[in-house]
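Remarks on the structure that follows.
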Amino acid sequence: MEFLQQLVNGVSLGSIYALIALGYTMVYGIVKLINFAHGDVFMVGAFIGFYSITILDLGFFPSLLISMVTCAILGVLIERIAYKPLRNATRIAALITAIGVSLLIEYGVIYVRGAQPEAYPGDLIPATSIDFLGVKVSSQSLMILGTSVVLMVLLQFIVHKTKIGKAMRAVSYDMDAARLMGINVNNTISATFAIGSALAGAAGVAFGMYYTKIEPLMGIIPGLKAFVAAVLGGIGIIPGAMVGGLLLGVIESLVSAAGFSLWRDGVAFVVLILILIFRPAGLFGKNVREKV
Amino acid sequence: MAVKTPLLKVNNAGIRFGGLKAVSDVNLELKQGELVGLIGPNGAGKTTFFNLLTGVYVPTEGSIELDGDKLNGLAPYKITKKGISRTFQNIRLFNELSVLDNVKVAYHSLAKHSIMSSIFRLPKHFSEEKYMEEKAVEFLKIFNLDNVMHETAKNLPYGQQRRLEIARALAANPKLLLLDEPAAGMNPQETEELMNLIALIRKRFDLTILLIEHDMLLVMGVCERIYVLDHGQLIAEGTPEQIRNNPKVIEAYLGEEVS
Amino acid sequence: MNMLKGAKGFWSSIVLAVVFGIAMQFLITGEIINFFYVNTLYFIGINIILAASLHLIIGITGQFSIGHAGFLAVGAYASAIITMKLELPFVLGLVAGGVAAAIAGLIIGIPTLRLKGDYLAIATLGFGEIVRIVFLNIEYVGGASGMTVTQLTTWPWLFGSILLTLLVIRNFTNSTHGRACISVRENEIAADAMGINTTYYKVVAFAIGAFFAGVAGALYAHNFFIIQPTNFGFLKSFDILIFVVLGGLGSMSGAVLAAILLTIVSTFLQSYPELRMIIYSLVLIIMMLYRPQGIMGTRELTSFFKFGKSAKGGVNDGSKNTVA
């Protein structure tokens with residue numbers, strides 16, 4: 001039963017990773033940039049959610065919504081100000097800029113409100129738990145899982161059934177051809193950042209609710225791990241990010257359960273290196289070779 | 001005359017990517033000193049075939065032999081050391097290096113001194129660097145590139161970049177030189193110069209050349225023998241005259257101009 | 001060409017550097033410069049070694065590695081074990097730090113260096129994190145609370161190490177082996193086609209870079225009384241990366257210059273840590289937007305003193321650059 005219990009915990013954690021990983025994977029798919037600032041958007045989302053709940057006295061869903069909208073705007077701002085001018089620059093320049101933006105958000109937040117952590121209120125949703133086959137599933141876990149599933153279904157719908165989704169797929173396939181076909185590439189890229197950042201915002205609120213403690217540097221490690229999840233599933237592939245996130249969450253929980261909780265943070269990176277060496281295109285990816 | 005073993009012998013070579021047969025059943029022989037053309041419509045697998053010869057791709061079937069040595073599965077740099085050197089369809093120079101240094105990189109296999117003797121500046125380092133430098137300067141003179149030898153490669157005009165790429169490939173001291181569309185993007189005058197250059201290097205270096213080209217004037221003008229590739233398979237082989245009149249070739253090029 | 005003249009300039013710059021080193025030694029022992037500045041000087045020195053070592057990997061060989069703090073950590077811990085646990089002399093600690101980091105470089109480099117671009121970057125970042133977590137979990141070196149280390153780093157050791165690092169990397173770069181590395185950076189496929197064993201040179205550059213990062217780790221460990229796994233997180237890797245990128249990818253003097261400037265700036269902003277990071281990140285972003293090639297581009301400092309031709313990529317002629 002212990003094993004099943006850990007599996008449930010792993011799935012909750014994994015769905016948070018998956019939500020963040022989606023933003024990484026979408027942005028990478030479209031502009032080939034590892035957006036290091038993405039983990040910090042997640043952190044901002046957690047704080048916006050916290051202030052909506054405590055200061056504005058709102059419930060879970062309105063706070064979630066406010067956080068998602070704010071993060072979407074933040075994501076678009078980051079893209080327009082920092083990344084857009086670098087679209088034709090070298091990959092290294094873009095990556096360094098992303099690192100710069102990440103540091104700026106982290107220390108900007110510390111500068112404005114200090115480095116002290118905050119605690120999410122515990123009474124946000126009724127703290128009951130369901131017993132299922134002897135496994136305790138808390139209402140928070142259910143809520144996180146439910147929210148993630150709904151958002152992922154919504155994302156699939158947007159990407160596959162709407163006009164903007166079609167544009168996103170076209171731009172990620174071939175930016176120049178898409179432009180020639182009359183697609184507004186700039187708006188499409190902004191939309192991608194907006195959607196990805198909104199998902200990170202939602203992940204931030206979910207994280208706060210599940211782990212209670214939030215602080216300005218909280219985005220770094222989950223951000224990196226979510227990136228690992230994206231690589232695991234095959235970077236640029238949306239279902240890959242979901243599966244990669246869930247898988248990583250479960251692996252981590254099982255490692256903790258096996259008594260190696262101090263090694264938990266290392267596991268993600270071991271997984272990363274193994275996948276990069278043996279299947280660099282990820283679980284769902286196809287190998288592409290450089291044209292000679 | 002005794003039968004000489006061919007320099008290059010390709011037996012039923014081919015490669016498949018997943019289920020797709022990019023090149024299959026290619027049989028080809030080059031004799032020492034020949035200048036042979038490889039033509040075919042776009043996407044026929046010509047560059048893929050070059051990549052098989054140079055080890056960028058490993059053939060999934062058949063064998064490739066140079067001077068009787070099997071090349072299958074060797075890393076590209078080892079194949080270069082065995083004596084096959086190439087240029088690329090899209091020029092691949094070492095852009096930030098000077099013209100001189102581009103050639104010196106090709107001389108790297110001449111240097112026998114260790115990393116340690118470079119780091120501690122032992123006499124071997126100086127003598128070999130000096131030797132490479134002098135050799136490279138002499139070499140660039142043949143190609144009329146000695147007046148730009150300190151220029152950064154990326155700053156050269158297009159025609160000179162092509163010339164430098166051929167010079168660099170020759171500096172690696174090949175027995176067999178592969179030229180991948182050397183005349184691509186050149187105007188008639190530059191193409192003329194290129195033909196002269198090819199004639200010159202054949203005379204000066206004891207070389208066998210295999211050449212991919214779209215410019216029919218050039219292929220028909222300089223090649224002694226031509227192979228035609230279509231859909232990854234050889235469909236014809238012969239002298240320029242024979243190729244010009246081969247119905248299979250005309251069919252493969254249907255819609256494309258064969259002048 | 002001008003081999004003799006080049007060698008002369010080279011030796012005179014070494015003599016000049018040694019004179020500078022001895023002069024600094026007198027200033028330090030005579031307590032003419034105060035402790036704060038001496039400490040800053042040590043910081044600068046260690047960062048110069050780190051910057052130059054990463055420059056060889058990224059700037060010369062073009063392998064985008066962002067886990068350099070991992071090698072720093074390996075060197076720091078290895079040397080601390082030598083001096084503190086085995087009670088052997090400091091010089092052995094320095095050597096052991098370098099060798100251990102070079103071995104770590106081989107272990108990580110051989111499997112990962114076939115990856116390209118972003119994938120290599122992420123793999124090396126992952127490696128850096130794994131190193132940190134491994135030290136976090138080894139009780140022998142103190143786990144999370146770290147290891148106390150005696151202060152053994154002195155100016156002669158530090159200065160000697162800097163000089164050795166810059167010399168070795170410069171000599172390596174300006175040789176046929178260095179040209180092979182640059183050809184890998186410029187066009188790996190063409191390098192391969194010219195008979196360069198690209199994997200070998202990538203691994204060699206990685207190992208040499210790791211070696212000197214390890215030496216820097218030894219100096220670092222014996223300067224700060226305590227080493228902890230948290231000192232070697234990926235923020236530290238980014239710090240080193242920033243020296244190399246801001247200085248100009250491909251320019252050793254650029255990397256050294258950036259290491260000096262940024263260390264001075266961050267020392268003076270030490271009392272305002274948040275502000276320091278904000279300024280730091282803004283400089284990074286603005287620099288990438290307006291001068292992505294860095295302060296020096298691929299030029300070396302010495303090329304400004306020459307007329308006519310410039311020393312692009314630092315390898316035009318066997319012996320033209322000075323040590324710094």
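The first residue you see is number 1, and the count goes up from there.
Any Cβ shown, glycine's included, is placed from N, Cα and C.
These come from TrEMBL:
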- C:9-28: transmembrane segment (TRANSMEM)
- C:40-58: transmembrane segment (TRANSMEM)
- C:65-84: transmembrane segment (TRANSMEM)
- C:90-110: transmembrane segment (TRANSMEM)
- C:117-135: transmembrane segment (TRANSMEM)
- C:155-173: transmembrane segment (TRANSMEM)
- C:200-220: transmembrane segment (TRANSMEM)
- C:240-265: transmembrane segment (TRANSMEM)
- C:277-296: transmembrane segment (TRANSMEM)
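If one looks beyond the transmembrane segment (C:90-110) by at least 6 residues along the same chain, the residues whose Cβ comes under 8 Å of a Cβ in the stretch are 67, 70-72, 74-76, 78-83, 124, 127, 131, 152, 157, 161, 202-203, 206-215, 217-219, 221-222. Counted over residue pairs 6 or more apart, the CB atoms of the transmembrane segment (C:240-265) and the transmembrane segment (C:65-84) come under 8 Å in at least three pairs, which marks the two as touching.
Of the recorded ranges C:9-28, C:40-58, C:65-84, C:155-173, C:277-296, the transmembrane segment (C:200-220) has the largest number of C-beta contacts under 8 angstroms with C:65-84. The transmembrane segment (C:65-84) shares the most Cβ pairs under 8 Å with C:40-58, out of the stretches C:9-28, C:40-58, C:155-173, C:277-296. The list of residues near the transmembrane segment (C:40-58) in space but at least 6 beyond its ends in sequence, with Cβ under 8 angstroms from a Cβ of it, reads 24, 33, 64-65, 68, 71-72, 153, 155, 158-159, 161-162, 165-166, 169, 172-173, 181, 205-206, 208-213, 215-216, 219-220, 223, 239-241, 243-245, 247, 249, 251-252, 255-256, 258-260, 262-264, 267.
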